[in-house]
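Have a look at the structure below before the remarks.
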Ligand code: NDP
Ligand code: 2IT
């Protein structure tokens, strides 16, 4: 942890450390928010008096359960799954499910904590939650994925609902998994409750533009940050980490807006293609064939694959981390700055370490933190809930337009809040304070909850 906390906030953080031992990602996420809340307590002493921050740091409910399942050879596996229902002041708990072997309670709590403020920033009526499992989907057949999802939902169904908690996708959970989860929910409950999950397929209540929303939203946010500096994405060189859902659609929108994406990656290595990443190839490899990104060079002989390469060493104007937490450290940030990078927007959740953030901020480049820059995904999930509630289905263009407006508004709110609190251009402070005040006001109005 880099920056020191305000004297009112340090004891709150110490308490979080004591009550949540070993959950380092959760500590990091809480610290990053607390670092910026000092001036809010000066302006709103009632929030300190009524211990709003202490309450926000404690999830409303944490569910941990066993998920037994059988692989295609009949072997039995036991996984652990989580749903952390963090805060419902603004609406039903809302947030994705992550399937990745690194998942443990500390990861789900960091993601759930971030989600509270992100969801508040969207201006839509959604609380914050997150879930997932230490299940590793890599190399598993469709039948194995289905059995795992059905087993998980056989417990999860009792905790969720359109007015209670609405899960969606995250790492390792996309359209296929949401389909299996929804099918099992419908079967167990005997209800066609479309609004219980988002990220659904278009044939059974999904929203157009939800698949694209997070990546597109991150690029809309980047465009707004550049506009605020009298610049644009036109003609810029971009590097995008990851090659999953968020990365793919960030690349697509960056290309549409006239930028050139020259590198992407997966957890094995990086692809550098100076003439521009061919997205059809990435989609084929990742969305259809479910292979490693190294396969890209089979289709493009002029592209280079570097096993375990560092994507942040590729010179660029704009960097979009779209893979995972803490994927960009202080050394990487210094390299990006040295190479002339002017903007960084986070498609992933908490991809930049505290040291990295500090380097970006002191270099004065445009830095958009995940809870603002990747809020397009959950925003469009909320639009999916709206369509489900009104039994309607909107066009792609209409939904995308709404997404763009939401991202423009989030940028404006963060920008103006940063100015109001005397930190112009500091989107971290702007996002944290804007999100916090919305949640704090709602909690305060509801009494001691
Ligand atoms: P996907 O599973 O579709 O893709 C994840 C990508 O990141 C893959 O390329 C994966 O590589 C890479 N990756 C994952 N974990 C690691 C790791 N430990 N080290 C290196 N690379 C890794 O997930 P999404 O695209 O949905 O999610 C990416 C990020 O965006 C996450 O931080 C997620 O929380 C965030 N996010 C997602 C939203 C959504 O709507 N999906 C909304 C907002 C944020 P490999 O295949 O090799 O594992
Ligand atoms: O981190 C996130 O915002 C997501 N994974 C999307 C959550 C959602 O409910 O759409």
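Residue 1 is the first one shown; counting continues down the chain.
Note: Cβ is positioned from N, Cα and C throughout, glycine not excepted.
Record check, TrEMBL: substrate site residues include 94, 115, 118, 381, and the candidate from 169, 172, 330, 430 also listed there is 169. Listed in sequence order, 96, 97, 175, 177, 178, 199, 245 are the same-chain residues six or more apart from residue 169 (substrate binding site) with CB atoms under 8 A from its CB. Counting only residues at least six positions away in the same chain, the Cβ atoms of 115, 119, 126, 127, 128, 129, 165, 166, 168, 378, 381, 382 sit under 8 Å from the Cβ of residue 94 (substrate binding site). Classification of residue 94 (substrate binding site) by DSSP places it within a strand.
On the backbone, the CA of residue 214 (NAD(+) binding site) and the CA of residue 170 (site 'Important for catalysis') stand 10 Å apart. Listed in chain order, the residues near the substrate site other than 94, 115, 118, 169, 381 are 95, 96, 119, 126, 128, 130, 168, 198, 377, 378, each with its Cβ within 8 Å of the site Cβ centroid.
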